[in-house]
Amino acid sequence: MQKSLVIVESPAKAKTINQYLGSEYIVKSSIGHIRDLTKGKLYNKEKNKKFLNENFIEKTNENKILIKQMGIDPYQNWKFEYHILPGKEKIISELKYIANQVKHIYLATDLDREGEAIAWHLKEVIGGDSSKFSRVVFNEITQHSIQKAFKNVGHINMNRVHAQQARRFMDRIVGYMISPLLWKKIARGLSAGRVQSVAVRIIADRESIIKNFVPEEYWKLDVSLISQDKKKINMDVTHYNNKKFRPINENEVSFAVEKIQKSSCIVKNYEEKISYLKAPAPFITSTLQQSASLRLGFSVKKTMFLAQKLYEEGYITYMRTDSNYLSEYAIKKVRKYIKSNYGSNYLPKEPNIYSNEKHSQEAHEAIRPSDIKIKNIDSDHLNSSAKKLYELIWNQFLASQMKSVKYKSITVTVLADMFKLQKSERIVMFQGWNKVLIEEKNVFSQFPILQTGSQLFINKVTPSQKFTKPPPRFSEASLVRELEKKGIGRPSTYSAITSKIQDRGYVKIKKNKFYAEKMGEILTIRLKKSFSNLIDYNFTAHMEKKLDQVAENKVTWRYLLDDFFKKFSEQLEQAKKSPEEGGMELNNIVPTSLNCPICCKKMGIKTAITGVFLSCLGYNNTDNKKRCKKTINLITLNDFNKEQDNQKKISLQLIQKCDICNMYMDSYFINEKLKLHICANNPSCSGYKFEKGVFKSPIYLSKTIQCEKCYNNMKLKIGPFGKFFTCINKICKNTRKILPNGEISDPKLEPIPFPELLCKQSDAWFVLREGISGIFFAANTFPKSRETRSPFVEELVRFQHLLPEKIYYLSSAPVIDNYGNKTIVCFDKKKKTHYIASKKDGKFTGWSAVFIDQKWCVINK
């Protein structure tokens, strides 16, 4: 009997689907995308000038080169050129071979637009009769869904493919056509993105608000009252003379205290009412990312990686969705579960229905467990983090179909002369969905029952000084919420956005909060001026709606791209002009009064992708022999000063203001005796101030580090991933990281090759390396192969002649535990020491051994 071929994206997904299909199906994986637009290095006119004649570097020829590099031609009706991704040739050959042997091909890639595009690419590359191909779509990898999907096969939706393709082309145009301009005008290594630049703007705008914020003083009054039955009630003063009470200084609050203390306090109103809090909606991608960040501390990237694993293993529905829709089948199952396990009291008469958000795309289901009966996952294929995420999804889905929480809300209003005092509390009358989401349960103290007109007696009046606070910095969770609120990007892109803007060096995360880097601020200002549409919130959201219309066949993809490119190219040509002609401003160096310690010329303030630093003006000398390359690193105060949460302290800090434009100034350390304050508008504003004194500086500024390899000194440098020390010996090239706490990392081992130990996932072999989590084996072909694992002790014993003195003691550890299980090397991050543990069937046994006083001591749990 001739078989059929089923193609999916991932091996894990293929393995799970294979369990539900019969022997007449061959399930294979494409391992993601198989082809993409042609990609070449961006053309740099200045760099390539010497290789080209004058005619060749004319504008038209520059465009030809750029078009070839982009793989798309906006001037020729959006012609495009795709190429097979490196490493996918073998996969494609296998798929083509099998495709020729089977009677039918089912393209079972993911149900979103990206999955639709992958299905189309597979069909194009495999080729053959179109009638031989069918599109299969399912929301969850369960036997019920798979069988249902294969009974209702369809065809590739080219409208959705065009929507994905239009997005891809637009992003390629923006990235490839703006980046060379940014290199020329601002700094090398910069890039712009249709969505990423808007995300950077959100963070940079918030950064500006925070830095410009001036705390304002205000006071609150807390009045402790005693009822006639001797019970205490604490109330807030909310109004004075029917106006909101908000004293701004101590004199005003002292007047209020005196007045209230002399007044009679009479209960004006005591109100009780019943209120209900509806169950939260099941997760969509953005709310899952936010909840996982807030409740589990997961990054957006980690959340999506784990959700992908859960989906591929068949535990949850598809994880990229912006729809709250739940199928009748899922609702029926969960209602039955609630009734059986919690009783009819917790089950609403009708299912809870949640309307989709205004930005929702196709009617996918919300994220939910595939089987509500599976409360906890018992699988060796998934780690504890994946299991925690599943539990979060399970609880949210179950709670979404339970009854509302019932509250009794109590509000008390008291009059004291012209002052109004108020207090509101609520008591849980019925837990409802809080029975599942225990962490959201509200616990409140109860008021004494008060009669209207009854008198209360003043026990104490307590004034407290407060200061207004700036809006908080964005966390990953709140940034995703802001992107969703503004309609920027899609659920499937949030993870890539938050990762990319960090990788580019435009923002950084510190203590789970986003900070805009100086280059991110400069880039935002330049793009706002030269590409106002591109970086506008409404324009970006509008473009998402237009892409939706392409997917719905309401707008043609070429028309959308033509309309976008016409306006974009006009702005691009204007931005290329000189600043005097209205073009994009340059990232000019700002001269200072500080002399270069080498050539005595002046040092200037310069901003690059690595940060702000001082550079000798002698670097611009046309004579290379006379060019001075001296630079001085500037360390921001935020890098080692803890944030002051006490707003009173903030208000008393001396805020440096620019003498030229009155803008706030960023402060930097040069050394223990010199600070530099730079106008936040730099380089557009040349304002700066030096401050002399004796300052407490970071540990690494006052230390002289010696290279452990060649014994030369090491100097401080700043790279894309932070500060580090590098050996002054150019041949040595040794580096040492600076840890987040300001300490310098210990020297790491040189990689040790183990060609005898072969990898399982590729043809590579292992190399012993040392990282922040101790020693580990990694593939020698990294990053092509990212396979890693812990070393077995028996392997270290076998090759102990290769081990350096630092870890030689590990070869004397027990090779097996008391039960014959092999032991592996582990690392204790708190103690920063290695220890030995054993595993059985992929799980730790509880047996371990530590090295104390030159011997191994066994610990059994």
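The backbone N, Cα and C atoms fix where each Cβ goes, and this holds for glycine too.
Pulled from Swiss-Prot, these are the features on record:
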- 3-141: domain 'Toprim' (DOMAIN)
- Glu9, Asp110: Mg(2+) binding site (BINDING)
- His33: site 'Interaction with DNA' (SITE)
- 157-572: domain 'Topo IA-type catalytic' (DOMAIN)
- Arg167: site 'Interaction with DNA' (SITE)
- Arg168: site 'Interaction with DNA' (SITE)
- Asp171: site 'Interaction with DNA' (SITE)
- Tyr176: site 'Interaction with DNA' (SITE)
- Trp183: site 'Interaction with DNA' (SITE)
- 191-196: region 'Interaction with DNA' (REGION)
- Tyr318: active site, O-(5'-phospho-DNA)-tyrosine intermediate (ACT_SITE)
- Arg320: site 'Interaction with DNA' (SITE)
- Arg504: site 'Interaction with DNA' (SITE)
- 596-628: zinc finger (ZN_FING)
- 658-685: zinc finger (ZN_FING)
- 707-732: zinc finger (ZN_FING)
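Structural mapping of features recorded in Swiss-Prot.
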residue	record	Cβ contacts under 8 Å, 6 or more apart
Glu9	Mg(2+) binding site	Ser29, Ser30, Ile31, Gly32, Thr109, Asp110, Gly115, Ile118
His33	site 'Interaction with DNA'	Leu85, Ile118, His121
Arg167	site 'Interaction with DNA'	Arg113, Leu547
Arg168	site 'Interaction with DNA'	Leu37
Asp171	site 'Interaction with DNA'	Gly193, Arg194, Val195
Tyr318	active site, O-(5'-phospho-DNA)-tyrosine intermediate	Asp110, Leu111, Asp112, Asn139, Glu140, Tyr311, His364, Glu365, Ile367
Arg320	site 'Interaction with DNA'	Asp110, Asp112, Thr285, His364, Pro491, Ser492
Least Cβ-crowded entry, counting other Cβ within 10 Å, from the recorded positions listed as Asp110, Tyr176, Trp183, Arg504: Trp183
Pairwise CA distance, Tyr176 (site 'Interaction with DNA') versus Trp183 (site 'Interaction with DNA'), rounded so that it is a whole Å: 11
Collapsed DSSP category at Trp183 (site 'Interaction with DNA'): helix
Model confidence over the zinc finger (658-685) (mean pLDDT, whole number): 89
Rounded Cα-Cα span from Arg504 (site 'Interaction with DNA') to Trp183 (site 'Interaction with DNA'), Å: 14
DSSP three-state assignment (helix, strand or coil) for Arg168 (site 'Interaction with DNA'): helix
The zinc finger (596-628) - residue tally per DSSP class, helix then strand then coil: 7 helix, 13 strand, 13 coil
Reduced DSSP assignment, His33 (site 'Interaction with DNA'): coil
